[in-house]
Structure formats: structure tokens, C-alpha cells
Amino acid sequence: MDKIPRKGSGIPPSLEGRAAWIGEQQQLGGEAQLAGHLALLGQAILASNSEESDEGGGGGNQPPKKKLRSSTCSALPSNNMQQQQATTAKNGCSSKDANNGNKSDDGSPTESLYGLKDVDGVVGGIKHGLLNSDVDQSFAELDGLIQPKTVSKTDQEIVRIIGQHLTSIGLHRSAEVLMQESGCRLDHPAAAKFCQHVMDGDWNKAEMDLSELKNVLVCPQNLVEMKFLLQEQKYLECLEDGRVMEALNVLRHELTPLGHNVVRVHELSGFMMCSTGEELREIARWQGKGQVSRGALMERLQRFLPASIMLPPRRLHTLLTQAVDSQKERCPYHNVKSNAPFDNVSLLSDHLCSKDQLPLETWQILNDHCDEVWFCRFSPDGTKLATGSKDTTVMIWNVDPDNCSLTHLKTLEGHSYGVAYLSWSPDSSHLAACGPDDCPELWVWQVETGQLRVKLSHASEDSLTSCSWHPDGRRFVAGGCRGQFYLCDLEGNVLESWEGVRVQALAWKTDGKTVLAADTHHRIRGYNFDDLTDCNILQEDHPIMSFTVNSTGRLALLNVATQGVHLWDLQDRILIRKYQGLTQGFYTIHSGFGGLGQEFIASGSEDHKVFVWHIRRELPLATLTGHSRTVNCVHWNPRWPHLLASASDDGTVRLWGPSQECRTAAAASTPATTTNNTAAAPGSAATNHSSGSPKPSSNSGHPTFIGGASNGS
């Protein structure tokens, strides 16, 4: 076994002598033997450096030099290796930089990425002026002989993505070392040169670069679009600099002849009238000359280049965002809004929420109604809750999302048959109230003033038990189980009617043309009041007690007698899912979509419980207890997904919310509630009220409005 060569062992001390020695060893022993000699040489230099430190240089007065990290030296690149590098260049990876070899734009030789190497945390190389001694320089040169590692295509892509991210956060030297060691290059030389010219504002060279890249464009027709974007930036920068004639020349002789986006060309010509750069930037919605606007331009241009030539902008951020979004989508409990993709998320572990984010705890019990509460509904803007009761009143509550609490706003009285259904107008300004099966009246209230806008009673034998607003908020439809089906305006005028349709529930589609109606034949049909046409949408085998449609208008949630809750796709007209757990007989129970992105479903039940499901899971995520009689209706707040309300025959309305952080904040900032707005501990039982008990006197001080006294009756 060869001993470690020391000083005077035949290895020349100078760099030139060592290079000649390496050549001789290669001729004598070939690459395999040379690798061994190089390893011995590295150890010799370490030993030589140690001896020199001990023997000279001031003895022990100077601190010892920091030891270099050991390196493994390999042979010079062979012909096969060079061929391999040429092959990887075609795939977008190479050890050479954006100058396409070892020459710069002016023809002068430049250093290859091989000239950079991390030696004890410092990037070495004469180019950076970071060498502290001849020993460091020797190792930097020896390290330059290391062949780049052969990596798979997937690994090459990962390296490039990491290199792009390092560059974007300013770690340029780290990115260069990564590219050097892996043998990859960040972008194709032509693309890198194009990017540099764009960022430098050298528009003529940038356009020349496009001629080199046109054969690799995703779509050759995009060449004109790329030229247009370049000249547009050039034109705007000329205008900002006050070079009006040059800008005019660009407009006439470079932009217009492209024959592309004529409307934009006319818009650009109008910018000539701007008197200042500030006015130009404001009108053009442009950041102004500089790295910001050019960077934005480069991002637009990159979309036309294949990823093998130039990576899409912020590729790592995009991939991580997609991964986090996918994990959130698969998380059965995720119910928290975030302003940025990585808010409240760690990339070090998979995302999985706890149930605490869901509204599973009772935050408040409302006892103000003195009889069964049949319906509850948050306003579209989420700021109010309306509750309807057998006690003939509608109560409006203000929503405090921070404290998860409700405060009484006003009471609307005079519904002699009781209130079994409520519908808010899209702008939350009006509220329509319907009664039970034998009620021929429909009431429309102005919520802000508490005044009755109109009381609709077309015929005494009518039954108006359901209604739905047109998306424009100026019309609504109403119907009932006795065959009435009307289209009305806000003055109560019947604009159109459909005879013989026994309506169980109504919903206006988002297109504003079709009304969905569940009838007594266990089906949902679509009715168009413009051309008086109708069509069958879906058919159930049992009575449809109620239904609701999600915000997209694509999905419908049906409460089906003796069957439970069914989810239908209205577009494909197929049954998607049957949710399990609840008890659904022939009582009218209202379920609903809700939570973040309407990814959750909740429904009341005849067994006094509230059930919560994820929309893609048939088994319930949670069962909420506290009510003592049938839960008739539940509704999610459309604005704050952590709030859920439920109404029950026990005479109470419960507000459900999450635990932990929200509860802690509420305990610190919410004052003690009144007797009839009881703050409940999590999981506490509801307070029972007899149906015949007198109305609580605590409503004194709250405005009460009597419908019969209104001029609109």
C-alpha cells in the first residue's frame, strides 16, 4: 500500500509542476490509477500544509489555519463524459453557463461553472477572489477536475427547480455550486441570454435572441406575440424617458407592422398624450421602467417557452402550493380561510386539521321565541340571522363573527299562521316569509327599516309555503302544495303563473332563467317563465321534503322522506351520494351546504341531533347534541364558515362554533349575556320551553314591528 507522499516525495510543489505530474501519471497508469494518485496527492497537500504551519510562519504566535474539508478527486473528463454532457445539453442540462460555452458576448473567454467549488463553506475560484492561501487555490483547481455526477432526468429537473428558487431568493453562488456539482444548467444558454437582455433593456439583442428560440417555442405562432410584448415594453420606456419620437417610431415601424392585437395598438397610441411619467404609469397600469416591469414582462414571455428550455416562473412555489392545496382538499376537517397558500401550514409535515375548526360546540342558545322554531337563515352577506317560529314572529339577529355571538336586532310580527320558511334577497335588503301548508299569505319585509314592503295574498284557497328570489333581487317565485306557482315583483304583482304545479320547495338557478321546483310526484323539474317550458331534472322514489342548491348551481341536497339526505348532480342528473346517520321521516327538515368552499353538509334530524358530513364522505364527521326535540333547520353562515345555526321544536336556536382559539378570544372580549340569550358551555343541554309559555319580557327595548299596521299590508 502506498504511503502518504510527503514533502520531497517527488511531487512538485508548484501548481505548474503538479499539473505536469498529473499528466505523466495519466499516461503511465490510466484514469483508474490516476484517481488513486490524486487521492494521495490531496492527503500530501494537507500534510504539507500542516508541516508548514508547524515549522514556519511565526510558530505558535499565529492561530492555526482552519482545516479544509476532505475532497475526493476524480479523473479528467473522458471522451465518453464529454459526449454525455453534449447529450444532456439537449435535455436542458449542462455544466456550461448561459454564455453557451466559455466565451462571453464580446468574445472574451469566461470561466466555466467548473471553476466554482464550495471549500469549507466558501465558493472558491480566482474569479471570486476568495482564496486565502496557495493550498486553497490548489484544492480549488483540483476540485475543478471533478466530473459532474450523472443524475436521472427527474433529479435533473429537481436540481433545476431548486436552483431557480435559490436564485430567486438571492443565493446566486449557492445555485452556481449546485449546478456545477450536478452537471446541470438552470436554463438553456439561448434562453438565459434572452432573459438577460430583457432584464437589461437591450431590446434589439432580445429580438435577435428570439430568432434562435423560435424553433423551440410551444407554438410557433407565439413568436409574434412575444415580439409584440417586447416592443410594447420598449415603447412604454421610451415614452417615460420623454423620447417621444423614438416611441412613435416603435409604434409605427415595429408594433403596427406585426398586425397583432390592433385594439391594444390603438390603446398604446393614446398614451402619447400623457404629459408625465406618473400619468403614463397610472393610465397604462404599468410599474414603470426598471426591474419590476421587466421581470413581469419576462414572466409573461416565459410562458411561451417549454420548461426544458426555461423553467416557468416560481416553479417550486407553484408545486408546493399545489401540494398544500391537495392536502387541504383531502383533509376532512379543513375549515379555515387563509390569505396565502402557506398560512398556518408547515412544509415539514403533511397537513391535517383537527375537528376543532368545525362548528361543533354550542356557543349561544337563543330562547326569545316562545314556541317551536321552524326555520333559520343567515343573510347572504353573513351579517344577520333570521329565525321564524310558530309563535307568528320573525326575529332578526346581528352576527358577531369574532365572538361567535348573536344580538337581537328587531322582531317582525303579524304572521298569523306562523313562519315556516324564510328567503333573503341576494343583496340582503329584503326578507320573504312563508307559512305552513294552510297559509295563503307571503310577506316581504324591508329589513333595514322593519317595514312591510308587500303582503301577497292572491286567493284565500292558495297555499304559499316556499319562495325563491331571482338573482337580480327584483322578482321572486312563490308556490305551495295546492297547485299555486307564481312569478311576482316587489309590489306583489303576479307577472306569470303556472297552473297545477304542487310545489314542495323552490330554488332559482344562478342563470336567472330556470326555477327548480320539487313537486308531489317525488321529482324536481325545471320551469322557464320566459318561454313557459319545463323539463324533468331528477326523480326520487320517495317524497322530497325540502332541497337546497349550492352556490355554483351544480349540486342539490335533498331531504327525502324515510331515506335521509341525498346529493344530486343537476347537470349530469345523477345521484352522487346518500348520507347516513340521521333520522328523516315525514317532517320537513332543511339541510344545507356550508363551511369553507361549501365542502361540508349539515342537517337536522328527528332524533334531536345535528349531523355534519364532509361532502365526499357518507358517514358523519360529527353528531351535535343539545336540542331536546326535532331539529327542523340548520344553516351555515355563507361568509364565516365557522358559524352554524340550528332551529328546533324545543323553542330554541343554537349557534355552533369552533373551539380553542376562537373560544379563548370570545371569553376575553364577550360580556355576560342576558337571560334570554344564554351563552352555553360546549356540549351543554338546551333549555326547554313549553309551547304555551308567555313570550319573554326581555324584548322590551328591542324594536317590534307589526305587519298589520304597515301601509304596505
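Each position is counted from 1, following the chain as shown.
Every residue gets a Cβ built from N, Cα and C, even glycine.
Residues or ranges marked as compositional bias 'Polar residues' by TrEMBL: 70-111.
The compositional bias 'Low complexity' feature in TrEMBL is assigned to 664-702.
The annotation domain 'CTLH' is assigned in TrEMBL to 187-246. Within the model, the domain 'CTLH' (187-246) shows a mean pLDDT value of 90, rounded to a whole number.
Annotation source TrEMBL lists region 'Disordered' at 49-113 (among others).
What TrEMBL records for 664-713 (among others) is region 'Disordered'.
The repeat 'WD' annotation in TrEMBL covers 366-407 (among others).
Distant neighbours of the repeat 'WD' (412-443): 371, 374-377, 379-381, 383-384, 386, 388-396, 450, 452-469, 471-473, 476, 478, 480-481, 490, 588, 704-709; these residues of the same chain sit at least 6 beyond its ends, with a Cβ under 8 Å from one of its Cβ atoms. Annotation comment: TrEMBL describes 412-443 (among others) as repeat 'WD'.
According to TrEMBL, the repeat 'WD' annotation covers 624-656 (among others). Below 8 angstroms of C-beta separation, residues 335-337, 357-367, 369-378, 380-383, 385, 387, 389, 399, 401, 404-406, 551, 587-596, 600, 602-606, 608-612, 662, 680, 683-689, 691 of the same chain, each at least six residues beyond the ends of the repeat 'WD' (624-656), sit close to that stretch.
According to DSSP, the repeat 'WD' (366-407) comprises 0 helix, 23 strand, 19 coil. Under DSSP, residues within the repeat 'WD' (624-656) fall into helix, strand and coil as 0 helix, 16 strand, 17 coil.
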